[in-house]
């Protein structure tokens, strides 16, 4: 049974940061426990245990070979480092960092219209977002750089939309993140990225909700490039 993330403390995060600085956030790197122990001022056994804990927590992928091991950060590992980064920004009063995602407008499967309009969600949108969203989502296919940057979104403070159930089925929770949608000189400020816990979309796709139909207010068509900006909570 894998260890829970509670097994990951500051020492393990220091090891995670080191392998990320060595390039493990973008591709697998080869490292020995003796090399890691020198950098962390710990014994080889301690360094090995820290990597094992990171792997058990889902922060690292490891492949042990005869002369070392190949390691790479998982999405959860990247998210953990982004959270550390965001906390340091809060400590030092730097809330200027903006997460910027770019992609192209695309047509969805129409599921957003159905789910957004359900009363169990709509009531929470009105209370927690401060508006009643247009029944549908704006779908964006992220470019390669933004797909990698997207992990930073989960380190921001989101607005929780709770799951609920009716007589027939249960509906999953979601998290909303305040965002600005930018197209040339036009901007839609009252918008949110919505990240459902249950979704058919992968990490390359983004869903946005807003009070108005963004395709109309920004005169959007499929294939247009668009930018989404998110800021840390002030």
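Keep in mind that glycine also has a Cβ here, set from the backbone N, Cα and C atoms.
In sequence order, 136 are the residues of the chain that are 6 or more apart from residue 110 (CDP binding site) and have a CB within less than 8 Å of its CB. Under the three-state DSSP scheme, residue 110 (CDP binding site) falls in the coil class. Positions annotated as CDP binding site by Swiss-Prot, on the basis of similarity to another entry: 108, 109, 110, 111, 112, 113, 212, 213, 214, 215.
The Cβ of residue 137 (Mg(2+) binding site) has 24 other Cβ atoms within 10 Å, all protein chains considered. Reduced to three states, the DSSP call for residue 137 (Mg(2+) binding site) is coil. According to Swiss-Prot, the Mg(2+) binding site annotation covers 137, 139.
What Swiss-Prot records for 199, 207 is FMN binding site. In the three-state DSSP assignment, the secondary structure recorded for residue 199 (FMN binding site) is coil. Here the Cβ of residue 199 (FMN binding site) has 14 other Cβ atoms within 10 Å, regardless of which shown protein chain they belong to.
Helix, strand and coil counts under DSSP for the region 'H-T-H motif-like' (1-98) come to 56 helix, 15 strand, 27 coil. As annotated by Swiss-Prot, region 'H-T-H motif-like' applies to 1-98.
Per Swiss-Prot, the feature region 'Riboflavin kinase' maps to 99-234.
For the binding-site residues shown (207, 212), fewest C-beta neighbours within 10 angstroms: 212. Note on the binding-site residues 108, 112: the fewest other CB atoms within 10 A surround the CB of 108.
Straight-line distance linking the Cα atoms of residue 137 (Mg(2+) binding site) and residue 214 (CDP binding site), rounded to a whole number, equals 9 Å.
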